[in-house]
């Protein structure tokens, strides 16, 4: 589910990388991840306290923190590698994709050991295999076209409003591409399936960093604006914060959810003033 809801981020960031809109490619992922942790988890927890599964606390959250730190190190070439420019290179992209492969192995192993996934009713659906493939293909085409439109429109907004592509990527584009995660998590929270809400967000954030930026950097080197490192550090901090809240009582309550949501408002004000 997390990978499916991250399709818009993939389309936008990969399209931006192909077009040379480096600021938007990376800002979209970082901004989306911050929105997911603060706004999506915050609002979902405020609606219905989130129960956090043991596997999410022990494995998935730490892996998300690790992925965020690895991204910061790989991108900050001037600080950590002594280069003259900060780049996410093709080698960096391949490293991120390798970590994504490890995460996928974990997911597959977890699915195979889960008996629940084996008890699926094999009765024929009303939708045929051919129709399912056609609908999937049309969906992919729609997402790709949507990615093109978002990148072009966001660039136009940046020019018209005098905003940097970085700011547009961190705010308008990030929130827009995160709407599937938002809707999915809110619906899950209202149904009392809060463990799905947090799992969806953590999985989506991992997918954004490891796969979306991994593919984007492999396609074309991504130049990283120095100001984005502040947002990367914020992304790491809020992920650790959510992890700490989740690990304390294996849940995130309404009050903690409200705090997370308010922190997103503070963050948005900060990046607008910063520009």
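Yeah, the Cβs are placed from backbone N, Cα and C, and that goes for glycine too.
Bear in mind that TrEMBL entries carry predicted annotations, made automatically and left uncurated.
As recorded in TrEMBL:
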DOMAIN    1-108  domain 'Sodium/calcium exchanger membrane region'
DOMAIN    132-272  domain 'Sodium/calcium exchanger membrane region'
TRANSMEM  25-49  transmembrane segment
TRANSMEM  61-78  transmembrane segment
TRANSMEM  93-112  transmembrane segment
TRANSMEM  133-161  transmembrane segment
TRANSMEM  167-189  transmembrane segment
TRANSMEM  196-219  transmembrane segment
TRANSMEM  225-245  transmembrane segment
TRANSMEM  257-273  transmembrane segment
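When each of the listed stretches 25-49, 61-78, 93-112, 167-189, 225-245 is scored by C-beta pairs under 8 angstroms to the transmembrane segment (196-219), 93-112 comes out highest. In the domain 'Sodium/calcium exchanger membrane region' (1-108), the DSSP tally of helix, strand and coil residues is 88 helix, 4 strand, 16 coil. Most Cβ pairs under 8 Å to the transmembrane segment (225-245), among the stretches 25-49, 61-78, 93-112, 167-189, 257-273, belong to 61-78. Comparing 61-78, 93-112, 167-189 for CB pairs under 8 angstroms to the transmembrane segment (25-49), the maximum falls on 167-189.
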